[in-house]
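Participant: Below are the features I grabbed from TrEMBL:
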- 23: active site, proton acceptor (ACT_SITE)
- 16: Ca(2+) binding site (BINDING)
- 18, 32: substrate binding site (BINDING)
């Protein structure tokens, strides 16, 4: 009853959780495999 949940930052209208290369590589590896994790663009 005495604990209050707080966010470390105020989240705005849009947050891109796929913005870092590290995260993009991990997600790409899950869906496309390590050879094609990041498409060449």
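The chain as shown is numbered from 1 upward.
Including glycine, each Cβ sits where the backbone N, Cα and C put it.
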Participant: Let's check the environment of residue 18 (substrate binding site): how many other CB atoms sit within 10 Å of its CB?
Facilitator: 8
Participant: Check residue 18 (substrate binding site) against DSSP and tell me helix, strand or coil, would you?
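Facilitator: Reduced to three states, the DSSP call for residue 18 (substrate binding site) is coil.
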Participant: Specify the count of other C-beta atoms within 10 Å of the C-beta of residue 16 (Ca(2+) binding site).
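Facilitator: Counting Cβ neighbours of residue 16 (Ca(2+) binding site) within 10 Å gives 7.
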